[in-house]
Protein chains: 4
Amino acid sequence: MNDTTLKSIAKSLVPENYLSLANDARAERDKQIKLLLEQRKLPLSGWSEPMIEYCISELALLDSNNFPSRCGVGEREGRVICDLVRRRHYNFAHGIGRSGNLTDAQPKAAGSTIMANLTNSLVRDLIRSIGIPSCSHAIVVPLATGMTVMLTLRAIHSKRATSRYVLWSRVDQQSCFKSILAAGLTPIIIDSLLTPECTEQSLNASKSPFATNLSEFASKINELGAETICCVLSTTSCFAPRSSDDVVELGKLCKAHGIPNVVNNAYGLQSSYYCHQLQQASRTGRIDAFIQSTDKNLLVPVGGAIVAGFSDVDTVDAFARLYPGRASGTQSLDVLMTLLSLGRNGYENLLQERKQAYDKLLEGFTNLARTHGERVLPCRNLISIAMSLVSFETSSGRLEMIGSMLQKRGVSGCRVVSTADSKTIDGNTFQAWGSHCSKANVPYLTASAALGIKPEDVANFLAKLDEVLRQYRTKYMDHGK
Amino acid sequence: MNDTTLKSIAKSLVPENYLSLANDARAERDKQIKLLLEQRKLPLSGWSEPMIEYCISELALLDSNNFPSRCGVGEREGRVICDLVRRRHYNFAHGIGRSGNLTDAQPKAAGSTIMANLTNSLVRDLIRSIGIPSCSHAIVVPLATGMTVMLTLRAIHSKRATSRYVLWSRVDQQSCFKSILAAGLTPIIIDSLLTPECTEQSLNASKSPFATNLSEFASKINELGAETICCVLSTTSCFAPRSSDDVVELGKLCKAHGIPNVVNNAYGLQSSYYCHQLQQASRTGRIDAFIQSTDKNLLVPVGGAIVAGFSDVDTVDAFARLYPGRASGTQSLDVLMTLLSLGRNGYENLLQERKQAYDKLLEGFTNLARTHGERVLPCRNLISIAMSLVSFETSSGRLEMIGSMLQKRGVSGCRVVSTADSKTIDGNTFQAWGSHCSKANVPYLTASAALGIKPEDVANFLAKLDEVLRQYRTKYMDHGK
Amino acid sequence: MNDTTLKSIAKSLVPENYLSLANDARAERDKQIKLLLEQRKLPLSGWSEPMIEYCISELALLDSNNFPSRCGVGEREGRVICDLVRRRHYNFAHGIGRSGNLTDAQPKAAGSTIMANLTNSLVRDLIRSIGIPSCSHAIVVPLATGMTVMLTLRAIHSKRATSRYVLWSRVDQQSCFKSILAAGLTPIIIDSLLTPECTEQSLNASKSPFATNLSEFASKINELGAETICCVLSTTSCFAPRSSDDVVELGKLCKAHGIPNVVNNAYGLQSSYYCHQLQQASRTGRIDAFIQSTDKNLLVPVGGAIVAGFSDVDTVDAFARLYPGRASGTQSLDVLMTLLSLGRNGYENLLQERKQAYDKLLEGFTNLARTHGERVLPCRNLISIAMSLVSFETSSGRLEMIGSMLQKRGVSGCRVVSTADSKTIDGNTFQAWGSHCSKANVPYLTASAALGIKPEDVANFLAKLDEVLRQYRTKYMDHGK
Amino acid sequence: MNDTTLKSIAKSLVPENYLSLANDARAERDKQIKLLLEQRKLPLSGWSEPMIEYCISELALLDSNNFPSRCGVGEREGRVICDLVRRRHYNFAHGIGRSGNLTDAQPKAAGSTIMANLTNSLVRDLIRSIGIPSCSHAIVVPLATGMTVMLTLRAIHSKRATSRYVLWSRVDQQSCFKSILAAGLTPIIIDSLLTPECTEQSLNASKSPFATNLSEFASKINELGAETICCVLSTTSCFAPRSSDDVVELGKLCKAHGIPNVVNNAYGLQSSYYCHQLQQASRTGRIDAFIQSTDKNLLVPVGGAIVAGFSDVDTVDAFARLYPGRASGTQSLDVLMTLLSLGRNGYENLLQERKQAYDKLLEGFTNLARTHGERVLPCRNLISIAMSLVSFETSSGRLEMIGSMLQKRGVSGCRVVSTADSKTIDGNTFQAWGSHCSKANVPYLTASAALGIKPEDVANFLAKLDEVLRQYRTKYMDHGK
């Protein structure tokens with residue numbers, strides 16, 4: 001409904017002076033949208049639902065499948081037969097990208113194109129504002145993290161066709177490892193360093209017992225030859241007691257040897273520490289791409305990731321160009337709606353609440369550990385916290401009961417790890433699977449203060465954990481001891 | 001998103017030539033909306049869902065509760081606390097009307113005002129196009145038929161303050177009768193005429209055994225004095241075997257005596273016959289208002305009615321002015337969305353399908369009656385059909401079992417009427433309640449071919465009825481006979 | 001999806017142990033719904049959106065229009081042709097009530113019936129919990145306040161057929177007065193008392209200059225005779241500087257003379273003071289019904305009201321029985337969803353926030369008045385506040401410009417009242433219209449701290465008002481003075 | 001709301017006998033869902049929207065993010081911060097698959113797991129029913145066709161680690177070719193055969209001028225060695241005048257040499273001919289996987305594909321196992337809702353309508369060609385039709401104007417191909433790009449009768465094409481000639 005429509009006509013339906021206030025409001029709304037499209041920056045304050053839907057709907061109406069009179073004789077015309085499906089996609093149907101490039105504009109879908117590009121711009125703006133100001137490229141990819149890492153590896157490999165190896169700092173999360181295999185490359189597993197002298201609550205980097213084995217990385221590079229190495233792959237956010245990899249030193253190493261460097265920053269945007277490490281690494285070393293999930297960092301349904309990079313290397317563009325064919329626009333739309341609803345202030349509030357929850361969780365864990373004769377395992381990990389379970393381990397070995405007792409009480413996401421397990425993936429055997437390090441020998445449980453957690457979640461968890469540990473001791477352990 | 005927004009900005013987000021086709025589409029869409037607001041006539045073809053929602057949403061954004069920056073310090077600010085509720089009302093919150101008049105514009109709600117006025121215009125256009133071209137006023141009222149009749153009576157009474165009586169042609173539907181009582185007026189019940197000589201299938205007016213007792217109306221007017229009579233109240237659409245009242249002759253009578261004439265046209269818009277009768281009555285006689293439900297005539301949820309009238313009397317305006325305070329806009333919105341989605345063609349298709357279903361139902365009933373030794377009761381009723389159940393009536397009297405057997409088979413809306421019942425409402429006793437006439441003595445069942453009925457409904461019903469009648473005879477009746 | 005469905009089948013689709021936690025959650029959910037249906041009390045905590053929609057959808061599926069296989073041959077089958085309309089009504093179509101009674105169960109619509117009855121129960125529970133524990137009946141009516149007052153008067157009149165008058169304590173809000181006229185009754189206007197000696201901030205009842213003219217009520221009763229009086233009609237919540245009527249004393253007066261007593265508690269549920277007055281009046285005197293809007297008290301779209309009463313009189317039941325025919329279920333559904341989403345805690349938070357906003361608004365007004373040489377007009381009004389504008393009144397008389405200047409700044413709901421106006425409604429002339437009292441002579445503006453107001457609304461308003469008053473003085477008033 | 005809830009409680013809210021019919025309906029609904037979950041076959045008739053949403057919502061409530069009381073301390077808890085996003089995903093948040101396998105069950109998401117598995121079963125059932133009864137595996141993948149082909153190649157390669165080549169029957173659609181490159185494999189391009197003697201309308205296989213160059217395939221296998229070949233990749237549905245590849249003969253060739261065979265059946269499910277070819281090929285030869293888009297074959301938004309296979313090879317399982325990490329559940333949900341809304345009958349109606357539209361388009365094209373002195377290019381293509389433009393080609397060469405003139409008239413999807421173009425992708429040059437064959441020398445335009453096309457689309461297109469061709473001749477061509 002443009003100005004002409006309203007101004008010239010509605011007088012007979014409503015007095016003009018009543019309309020003029022409404023027109024002012026409409027102008028204000030249009031101005032905000034104009035500003036968004038011009039500056040492509042995250043608004044400071046979140047938008048209301050009607051405002052978001054207004055903007056989204058207008059964009060969707062720019063796609064050819066929504067043109068009032070049209071005549072489609074192609075093989076792909078964005079027809080959606082089920083109304084429920086059409087509605088939930090806000091009348092978007094064409095997806096994003098073209099056969100040539102994931103970020104190319106679609107002739108039939110101007111609205112989808114704007115939507116996707118706008119989303120990418122807002123995401124880049126967000127990343128810059130929360131600690132990585134040098135970030136120059138960021139795109140939302142309709143693939144979860146594992147597939148995105150895989151395709152990033154392939155994009156890098158396409159420019160290093162003779163390389164074969166990925167130097168991978170072990171992290172016991174299957175999909176990251178499988179990404180390397182799925183890319184058709186050979187993983188070289190670099191086990192974490194584990195220093196014995198660790199004291200409780202020494203949570204700074206220097207004292208963390210877990211560390212990236214930098215010298216092993218260096219020696220592997222020498223052994224295999226830099227040109228055979230497709231890239232280094234490390235991880236920031238992970239389950240405690242594993243620490244974030246030392247991405248700054250790895251960045252320097254990669255720069256020194258001219259080896260691409262990929263960082264799995266899975267849910268690391270929610271921690272300013274990880275963001276600053278990435279920023280630092282890009283300045284003093286080399287990072288070709290860092291990858292993070294949209295679900296964990298932006299609280300949308302699972303299915304998307306963000307590939308981001310810095311201006312000196314063009315891996316993000318290479319990724320987009322490698323992507324064969326079209327892709328779902330759903331993840332971009334979810335991210336766009338979420339970012340508009342939060343605004344920068346909203347996201348910063350989420351970050352703060354998470355930080356407070358983490359502090360509360362750490363304090364609670366520390367007290368609980370003291371009560372039960374255990375300790376919080378020190379590590380450079382700003383999201384996940386691990387508490388030892390040494391005194392709960394018995395010959396009868398029912399440590400996993402703790403996990404299932406918690407689950408029955410509605411606790412999800414708490415992992416109980418015994419060091420006894422090993423796991424083989426596609427011929428590669430990992431000792432002490434779950435502990436990220438072959439030499440780990442301390443059983444433990446972990447919990448995370450991840451984005452979106454509520455203070456009451458922390459309080460409930462601590463209360464339930466205390467109860468479970470007491471019951472476990474009574475029920476499954478030798479009373480005499 | 002106005003032209004300026006799009007044209008100047010989006011180039012960096014999408015190639016200009018892709019946008020130009022989208023802009024053409026947008027212009028086409030805006031042109032349709034402009035046309036609608038200018039002409040306020042029902043579009044020929046129905047609109048698509050995205051188009052309807054686009055138009056509705058734009059209107060809602062003209063209401064002050066949706067202004068981006070606002071500061072409300074009144075007692076009624078259109079605040080909606082529950083998002084689910086807000087969403088289902090498309091962000092409309094202010095209702096319609098003002099304290100002074102149901103059709104007055106609201107300063108805070110230009111969008112709601114346009115919405116309601118537009119709906120009224122489209123409804124009037126529809127009424128004119130389907131057989132009542134002289135209709136000059138029509139408003140959608142957020143009251144069901146009973147309450148609307150009641151308020152119409154009050155609006156008429158407010159101009160005939162000394163009158164007390166409503167001359168009412170008996171129809172056995174409680175809420176119509178109660179409308180008179182609720183209005184604080186005294187009903188004078190004029191029983192239907194029932195001529196004995198009725199032959200099967202003589203469905204034209206002259207042969208219908210049920211007839212409006214015109215002479216009784218005339219004699220009551222003489223008896224009570226025209227000035228004591230608030231109005232005459234008659235009914236078109238009703239359950240067979242009652243016929244539509246003879247609104248043409250009643251109109252003449254009212255005109256002759258200067259008595260207001262109100263017609264309950266409950267679901268009569270769906271029959272061109274009833275529409276033509278009203279049109280005829282307005283030309284040769286007098287009709288002050290005719291009232292019909294929105295649910296039955298426009299297939300929306302229960303809750304609204306249309307009060308319509310002709311230019312020579314101003315009862316519709318009086319109704320609007322009498323209405324104290326604001327009212328729900330939900331019914332207007334339902335009607336608007338429905339009319340836009342149907343278009344004139346869509347509504348005419350519905351009318352045709354109903355007509356065909358009626359013919360099929362009549363044919364089926366006639367055959368069934370023949371098989372079971374019964375007959376279709378003749379009447380001037382173009383929606384409902386009644387079949388006698390004389391041979392099913394026994395001394396044990398379980399005729400109502402037929403209804404419940406049908407219900408168990410998923411048949412709803414089929415009424416089984418025995419003439420044995422009487423009913424007392426507020427001191428008024430009706431003999432043979434359900435038969436619309438004290439002298440009725442034929443038990444029967446009725447079924448309707450009402451708007452929205454599907455051919456398969458008719459077929460299923462006839463099959464199930466046949467089955468039920470056979471089973472009933474076997475089970476509940478004397479086998480020997 | 002009942003237990004049998006899930007338990008027996010899904011094993012092949014998902015491991016059984018994963019399902020068992022889900023089943024626990026399902027059981028918990030069902031238990032909450034069972035509790036709600038059994039106890040029919042407002043839950044303490046609000047429900048989540050998915051939970052609310054789950055419950056609502058299940059209820060809707062109990063209505064015959066949603067039965068998978070059905071065959072409808074009635075004239076009203078709940079058919080909804082437009083999908084958009086169907087969806088926004090959550091598949092409800094049959095409305096509520098029957099021709100006999102607004103609260104009667106509908107055979108075709110078990111779900112709608114439960115929905116409406118449940119809503120009434122929850123509303124009654126809410127009313128009881130916030131200060132009127134004796135409330136025994138409460139029903140949500142799909143009519144806005146004005147129409148509801150009108151129908152309440154008719155319900156009372158139906159039992160006092162020979163009465164004609166409504167003794168009405170003047171309040172300058174048109175729809176309340178029009179309710180009496182629309183009901184066909186004769187209003188006897190009792191002007192407010194206005195005592196001259198009023199000091200700033202004397203907000204308790206004894207010092208309020210506005211008061212219900214109790215002696216005039218008494219003398220009118222004597223003059224006209226109790227039996228000619230249909231009822232007394234007074235008002236609690238209203239625009240300052242009018243005070244709430246003295247419902248306690250009026251209640252005693254009515255009890256003494258056997259006259260029905262109706263209170264327009266328009267938006268009074270949001271103030272504990274008004275609630276307590278009603279409770280008190282019902283104990284020491286007589287209240288037949290008190291009426292309040294759903295939009296202002298429960299923050300739903302305009303269109304509904306609550307008629308409530310106490311056990312000694314049965315006006316609420318009489319109201320329901322008088323209501324002719326069916327009615328919209330939309331208002332009940334809005335209220336149900338809103339109450340479930342808020343829970344008792346949510347509503348109490350709203351009440352507290354409102355109270356705080358009121359205190360803040362009063363403080364701000366007081367300071368502003370001091371700055372501008374004006375005063376806050378004292379009254380027994382816990383929602384609306386009035387500030388005098390004596391020094392802004394000039395011979396050129398452009399006081400209304402203040403209102404329009406505020407409006408241009410996005411302020412809505414602020415009323416500027418000059419005492420110069422008079423208004424005639426249906427032959428009745430009101431001096432100083434807007435001031436609720438013929439003798440009022442102080443120009444003023446009012447603002448309300450009504451339910452749902454945000455602290456920033458108050459702050460914004462005060463800032464803008466200050467700015468406007470300064471500009472007004474500069475622009476429209478004699479600078480020399 | 002289980003049986004217990006309803007049966008025991010609601011009596012006080014609604015009469016028991018009204019509920020019993022509703023309970024019957026509920027039982028019927030639950031029975032249909034039970035049947036669906038038990039048999040996992042596409043229902044014969046489509047389900048209503050309320051029924052689909054009921055089923056979907058119940059499944060979503062089985063996921064842990066929707067449990068009423070829960071306490072999440074993991075890093076991924078399915079939190080969705082933006083209500084608009086949550087709603088459009090029907091409260092699903094966890095995606096599908098686990099790190100180990102795309103089809104693995106998720107402990108936290110029993111509902112998502114059932115939803116995804118059920119969708120896969122229904123899709124397999126559909127594929128079997130429309131012409132490929134031997135299909136044993138089919139999964140919906142949240143990747144568009146190009147990425148799915150790429151990952152299929154990688155899955156096959158993971159079991160043939162030393163192979164390098166993909167023998168690819170040329171089809172000029174970029175994303176298919178790019179899939180091979182993105183997979184890190186080397187394409188061997190086998191140009192189409194183009195026999196000169198082709199006569200108009202000889203649309204059967206034997207006479208089509210375009211043919212798969214089987215002997216070139218055979219000689220390449222011999223030249224490179226079967227073990228170096230990762231797989232053969234051919235295409236069924238494509239733009240005319242290219243024909244579908246001879247998948248039956250390719251299947252035999254692959255079987256003979258033990259080479260995997262992948263078929264890009266992009267939008268081939270909508271043609272029974274292509275389906276039967278695949279079925280035939282699987283019986284007489286070898287097909288490891290055939291891939292098709294969900295948007296074109298099932299009319300959902302772009303973003304998904306179906307990987308399907310036969311029981312003798314396990315490529316579909318390998319694909320699922322290779323997939324690293326979790327994935328979006330959106331595509332599965334779209335497909336599930338669409339299939340339930342259509343039912344088998346609905347899908348078969350779509351197929352029939354498409355077939356009729358194809359016949360109509362072919363007839364129209366044939367007539368138009370005759371009028372304009374051109375011919376329909378014969379080919380084995382049951383969806384797309386090409387008409388020569390020989391007489392429109394001029395030295396000035398503005399053939400592309402035809403396309404843009406059509407576009408301006410709202411025609412989308414009509415391709416105008418001049419044989420003059422060549423294109424280089426990643427170092428591979430294609431002569432006569434767009435014509436699928438280096439030796440092609442006939443300019444032409446194509447249009448498709450694809451699933452979802454309406455009869456009026458065909459009629460409109462033919463009329464507009466005729467108009468455009470006439471105008472083009474007048475405007476751009478030498479009149480004298």
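For all residues, glycine too, the Cβ spot is worked out from N, Cα and C.
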Which one, C:R283, C:R286, C:R321, C:R326, is listed by TrEMBL in the same substrate site as C:R98, C:S99, C:Q106?
C:R326
Within the chain of C:S99 (substrate binding site), which residues six or more apart in sequence place their C-beta under 8 angstroms from its C-beta?
C:P324, C:G325, C:R326
Near chain D: which of the recorded positions C:R98, C:K296, C:R409 have their Cβ closer than 8 Å to one of its Cβ atoms?
none
How far is it from C:R76 (pyridoxal 5'-phosphate binding site) to C:K296 (N6-(pyridoxal phosphate)lysine), counting Cα to Cα, in Å?
33
Using C:Q106 (substrate binding site) as the reference point, find which of the recorded positions C:R283, C:K296, C:R409 has the shortest Cα-to-Cα distance to it.
C:K296
Within a 10 Å radius of its Cβ, which of these recorded positions (C:R76, C:R98, C:R283, C:K296, C:R326) has the fewest neighbouring Cβ atoms?
C:R283
Express the distance between the Cα positions of C:R409 (tRNA binding site) and C:K296 (N6-(pyridoxal phosphate)lysine) as a whole number of Å.
24
For the binding-site residues C:Q106, C:R409, which one has its C-beta crowded by the most other C-beta atoms within 10 angstroms?
C:Q106
For the binding-site residues C:R76, C:Q106, C:R326, return the ones with C-beta distance to chain B below 8 angstroms, or 'none'.
C:R76, C:R326
Hey, how far is C:R98 (substrate binding site) from C:K296 (N6-(pyridoxal phosphate)lysine), Cα to Cα, in Å?
28
Rounded to a whole number, how many Å is the Cα of C:R283 (tRNA binding site) away from the Cα of C:K296 (N6-(pyridoxal phosphate)lysine)?
26
DSSP-derived structure type at C:R98 (substrate binding site), helix or strand or else coil:
strand
Per DSSP, to which secondary structure element type does C:K296 (N6-(pyridoxal phosphate)lysine) belong, with helix, strand and coil as the options?
helix
What kind of secondary structure is C:R283 (tRNA binding site) part of, going by DSSP in three states?
helix
